[in-house]
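Asks: Annotations for this protein, taken from TrEMBL, read as follows:
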type     : residues                                                                                             : note
DOMAIN   : A:62-123                                                                                             : domain 'P-type ATPase N-terminal'
TRANSMEM : A:99-118                                                                                             : transmembrane segment
TRANSMEM : A:318-343                                                                                            : transmembrane segment
TRANSMEM : A:363-385                                                                                            : transmembrane segment
BINDING  : A:433, A:434, A:435, A:726, A:768, A:792, A:835, A:915, A:916, A:917, A:1021, A:1027, A:1050, A:1051 : ATP binding site
BINDING  : A:433, A:435, A:1047, A:1051                                                                         : Mg(2+) binding site
ACT_SITE : A:433                                                                                                : active site, 4-aspartylphosphate intermediate
DOMAIN   : A:1073-1317                                                                                          : domain 'P-type ATPase C-terminal'
TRANSMEM : A:1122-1146                                                                                          : transmembrane segment
TRANSMEM : A:1187-1208                                                                                          : transmembrane segment
TRANSMEM : A:1214-1233                                                                                          : transmembrane segment
TRANSMEM : A:1245-1269                                                                                          : transmembrane segment
TRANSMEM : A:1289-1308                                                                                          : transmembrane segment
């Protein structure tokens, strides 16, 4: 079934329905604007921009009828046809395709009496067969969709019914816009709704969007603000607000509108208020929403598009050759037309001419059309269908490759684009993302610098290295879950294992989503590397932090400032993120136990306590610090804090336990069927949780146990982060006691060292944005009560925003010092290949905050330009920051990345790395993954202006040339080729700014010239847009095949632009995968995908296409030669059924098998000797020359195949059809044996198909000649085969013809393969050797290549470094490489 | 099924709804099966054409083809064939007058006789052919111009022939039987053969006219309407004779009812249209006398008596009479034999060349160190 589905889509594409999904059309979303903005026609935007929604059952019924009636209902129908419309509509679609139109034209032509060549029905057969097959596929496919639709439309949900004044169950299909829908936990949302009520006291609800984008982490949605009913029960009757929102669109992450209450106050609506259809409600008991988009207008449905279609390079080449075939056809028809006219002209009233024929000239004209019908086979109708089938087969094999299967994620390759398999074999440039693609994207906190002091975390590094091995292998998490040390906290950050679930949900069948209460725990359990995430605190830092609470060591003044910094730093790490906390034992229920109700009150208590006890002390210091934006002058009273913390500690144990028994039961209920792996015998987390109500009762009596419980509890905590960095940072903070406990839209619950949970009021969250490269939170400081902005972001951005003009010389000096030191540390981190993030804060004055807030609110409620306004607003507040410190996060290389890159480079593929990371980090990774060899010369290009850039490019190019010349200059020309560049080994490192200049039209050329001389190019600090620009530039200017590989949303544009886009299904959601053509799970899979499958697919398809052309030309020419002996009258010597079926039946299966199964070189050899890949890059198998050679061969063979029987039977009493009989059988044998010659592998399957085809032909011929007595005039075959196959001459003629026809090809192949075999042939020969010989051969081959390289790369081992600005020497750090790898 | 993962995302809208109760079950691993087929490790024969591998084939072809060629050549050479052109183009030809004057409209036949002599005696059965040149029996419109179901004895087609027969479908209101251009142009010369004894007397050579058509044609494909009805005249009542014919179809061979009407063998042979513009068609068989040792056609002088009915000069056609014995390979044609010998020799020669190449280059292949 799936296949049908798939073929249908393919067909859609073929018939050209998907006009918009063209070749390069995907570049549009590159712009920072949303795709919708770019694509929406302006007229539409102006007129029908908004929709108004009012509740169906509320007080506004009359308005409802006038406004909302017009919106479509929620029933969906994804079927394309109805019973009635199927035939006309399907035919209409099929005839969108040029080939079908051509054949329809032929059929119609055959109805014109004067040109009629065959019986009318015969010419219709090929077309009818193709149309029928596709129509059947379409029908089945559509029926399947219909069944799906029915199933969905019949789902029930509870909708508020105005008449009955209660919620009643309705079918999904009956839900309408304006309906109020109530959903319970784990229910699927039937339509896009605005959230009006949630059982959660904070007015949030969580949804899982796995059905939409494959991301399984929970997303938080909020009830519309200021809804009057909030908090109490929701009364649908009272809901009378209007909703104004934008018209349906496909942007999942954007929803704009406002709600107007009866009081005329407007509240902005945004995507956080919208529950999307087909998502699942999690963690929230009940929610009520009002439907705003229903049915096909929902975002889910609008995003529901089929797989991607691209046209492969070979297909373009193929179309050219099809045109050539047309030219040949026209030439042949013209010849026949002229010949017929001349022939008729020379005749005078012969008995065999039928009186009343038109004059010669007109007859010649008619003959032209007749010949088009007769020779129609030359244009291969079955070629397109065959190519489709072959590609299906190829994809089937790619997807079934065990080597590309990832055991841990339980996923193989996903082929999302179905028609570019052969492009994999022709890749010349690879553009790779770094993070998550080359590296694991499993972030590990490595080290940090706070207030200018570096904390190297040596222990941490050691621990991580220690666990590297077991982690790589993967084990069982149960042991880890049971009990780890109290100190080193295990992070079971969901980001680690989310990939597994998300992939599963992506690829597994739909039913998994609903039962994930069981499955995800299972999959989660399968992942084990919790130990990897362990952060071992750095002792000095630990000591300093300890000093905070230790009464013994009175801190110095300097120390106090530093301590405050440290506190702020870790608080920022814990707070400044969007991490959602949940527990593994309740997979879809967040740990919200401490947050609600009672804990709140305790927190209030604690706050009071805080104020009572310590604030007087703090108050002395903090106002000053707040005003100055600097550090407190007086140290906090250690003993007091200690006391405070101690008290706080005892106060917090209560909230740890769920006060509401309902929660406990819910939690227990959710985990009632725990699969065995999740329930370790010694400690069973579910039961523990269930026990908590008990514990809450008598916690005071047994504090020790509570301690245990707490640690237990901590270990159960899961951090679901949008990006792995965040999770790593939260983990790091946690290691120092700054634990993030929970999060709600209004507050963040954190635990500071020694304290219990503190509620930090979250005033604002400015989410991460790639333009700002920052994310910030505005919180009210839990201790000081100030409004503080915490920011973390890319170092260069934060460094720029750090205040340099703050008042007070001393502090500025100190800040400057910190900044300088931090910068130094940052550079060092980057050199080590760590990802760096800076953390900064800003203390806001209340008034300042108020003003900003006002502006921000207005920006938020704005419908148009909201993004820009929000950006502005964010920039208004994110400045004048105080630098707190920076972190270094390690991202380990994926396994076998260096080997893969090396192999790809050997295969003649240039690998570029495009990353947003720092230059040093990028160089380091490049070094580690052997993109750049230690002997390579590094060219760095950083400059500030266009002029500088121009000069720099010229200089670098000159430098390379100089180097090449000094190197001997023997292969100056070779430098252009990949091998030449590889031998010389230059690596260009260019940063984003310089890249911007270099990409400008007038510098493009210089840039390209330079890059072509480099072995690899590393673009760092590049934006998504730049990435796609680079790919586009290379692709369009150099006309090469490009491949882009990436894993994150920032790679999407690049993936879409490249000829082949590959997504890595990794940690960062599924966006890259969704936009890719192929999705793999590890970078190393690229090696086999390209070198083996790409090579095979290319060779197979190329050979098959050539064979197809050959076959058609060879067969059709037989008919053409006959025209010379029948007065160019369009006569055929073959039974017309055989003629039509020859292509359609007798010789159609072998090419398919050939195209799917042929294997020129074994996978092992292809992997061992990547150089073989070059044959595909140069399109060696399918060049114009090979096309014409096979045409020539076809001509030769047809000549032989016609003229040997001709001479053998010349002058004899042979009849028309009798003459065709040996010709046909010889042609069949030749065509089949030709394939045997061309095949590199012949399996039993080949044998069956080849012999089957021959047997089928003969059986058909014999049966036909026995059965068909009067049928099929004038080419009635009665008795012919029978008669002729009993004659020996038939066999002698067939044998001689076959041998003579095939002789030249065999001979030439043998000569070529012997005298100068191509790489593929040599590899093929090698494959046939015995193992020991084979390995010597492989090593010999490698040696030879190596020696060649060495010869041409005698280079001075100096490092070349040219920098315009700033002068900056770069080097490759082998030691860092070793650390990384 | 193939590509099961491909459309997992595509049905997003559907997935949500396709959720049924129960069936958590064990997650089926997506791990591909480790079978030879799926992993593309099927045992395979890898034919790589190198000098070394194809060289035996060349020798074998050479060794097989040369004997076959010699056999065919000898067989062909043993076939005796005599051919005489009686078109009467040259003025010296006895049939010159006939050919010059004759048109389809003539009502009286023109007779001419051509003497010839056979240098060699013809043993065994001798087949007598008439040959036509420059006669495009394979012209598309001509080939189509027939009605097979009429010829198969279909009564309705008899009276209502196929449109393909136009313009030879009806004549003066009544349908033509047999209709069409092929039938209309039936070869209607009568050839008779006389052996001239040296003493001046001549005896006619018995010509058998049965068995010249294919058995299947005679017995299945061609049938008179109304089955084995001897009264063909009545059967064909209401039909007209083809325009160029002298007599209607039921009078083609009045002497033998089994050879009359549509099943007339001369007619059947003619209806099997020739593939090439120069062709021969079997006319009569001269059977070897069973009792005596005399050759079928002894050496000596013969006379061919032609009743000249078939004009060919208008389209520069030629008419021939051919006498030929026959072998297991059919008629005389030295081409196949020569071709086989040539191809066999060439293959053998190429085999030698390949042997040389193999010797020179072949060993290097195995070491895989051919310089590029």
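Placed from the backbone N, Cα and C atoms, the Cβ positions cover glycine too.
Please treat TrEMBL annotations as automatic predictions, because they have not gone through curation.
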Asks: Just counting, how many other CB atoms are there within 10 A of the CB of residue A:1047 (Mg(2+) binding site)?
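Replies: I get 33 for this one.
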Asks: Nearest by CA distance to residue A:1051 (Mg(2+) binding site): which of the binding-site residues is it, out of A:435, A:768, A:835, A:1021?
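Replies: So, spelling it out, the nearest of the binding-site residues is A:435.
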Asks: Roughly how many Å lie between the Cα atoms of residue A:433 (ATP binding site) and residue A:1047 (Mg(2+) binding site), rounded to a whole value?
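Replies: Cα-Cα, rounded: 7 Å.
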Asks: For the binding-site residues A:435, A:1050, work out the Cβ neighbour count at 10 Å and name the residue with the minimum.
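Replies: Relative to the other binding-site residues in A:435, A:1050, A:1050 has the fewest Cβ atoms within 10 Å.
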Asks: Say we define neighbours as other CB atoms within 10 Å of the CB. Which of the binding-site residues A:433, A:768, A:835, A:916, A:1021 has the fewest?
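Replies: With the binding-site residues A:433, A:768, A:835, A:916, A:1021, fewest surrounding Cβ atoms within 10 Å: A:768.
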Asks: Count the other Cβ atoms sitting within 10 Å of the Cβ of residue A:1051 (Mg(2+) binding site), across every protein chain shown.
Replies: 34
Asks: For the transmembrane segment (A:1187-1208), which partner among A:99-118, A:1214-1233, A:1245-1269, A:1289-1308 gives the most CB pairs under 8 Å?
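Replies: If we count Cβ pairs closer than 8 Å to the transmembrane segment (A:1187-1208), A:1289-1308 scores highest.
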Asks: Please give the sequence-distant neighbours of the transmembrane segment (A:99-118): residues at least 6 beyond its ends with Cβ less than 8 Å from one of its Cβ atoms.
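Replies: Beyond its ends, the transmembrane segment (A:99-118) has Cβ neighbours at 15, 124, 126-127, 130-131, 358, 366-367, 369-374, 376, 379, 381, 384, 1130, 1132, 1136, 1139-1140.
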Asks: Rounded to a whole number, how many Å is the Cα of residue A:768 (ATP binding site) away from the Cα of residue A:1047 (Mg(2+) binding site)?
Replies: 18
Asks: Out of the binding-site residues A:435, A:835, A:916, A:1021, give me the one sitting nearest to residue A:1047 (Mg(2+) binding site) by CA distance.
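Replies: Among A:435, A:835, A:916, A:1021, A:435.
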Asks: Should anything in the same chain at least six residues away from the transmembrane segment (A:1214-1233) have a Cβ under 8 Å from its Cβ atoms, list it; otherwise answer none.
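Replies: For the transmembrane segment (A:1214-1233), the nonlocal Cβ contacts are 1111, 1114-1115, 1118, 1131-1135, 1138, 1142, 1146-1147, 1150, 1197-1198, 1201-1202, 1204-1205, 1250, 1253-1254, 1257-1258, 1261, 1275-1277, 1280-1281, 1283-1285, 1290, 1293-1294, 1297-1298, 1301-1302.
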Asks: The domain 'P-type ATPase N-terminal' (A:62-123): mean pLDDT?
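Replies: That region's mean pLDDT is 79.
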Asks: What does DSSP call residue A:433 (ATP binding site) in the simple three-state scheme?
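Replies: Assignment for residue A:433 (ATP binding site) reads coil.
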Asks: Please classify the secondary structure at residue A:768 (ATP binding site) using three-state DSSP.
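Replies: Note: residue A:768 (ATP binding site) is in a strand by DSSP.
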Asks: Per DSSP, what is the helix/strand/coil residue tally across the domain 'P-type ATPase N-terminal' (A:62-123)?
Replies: 39 helix, 0 strand, 23 coil
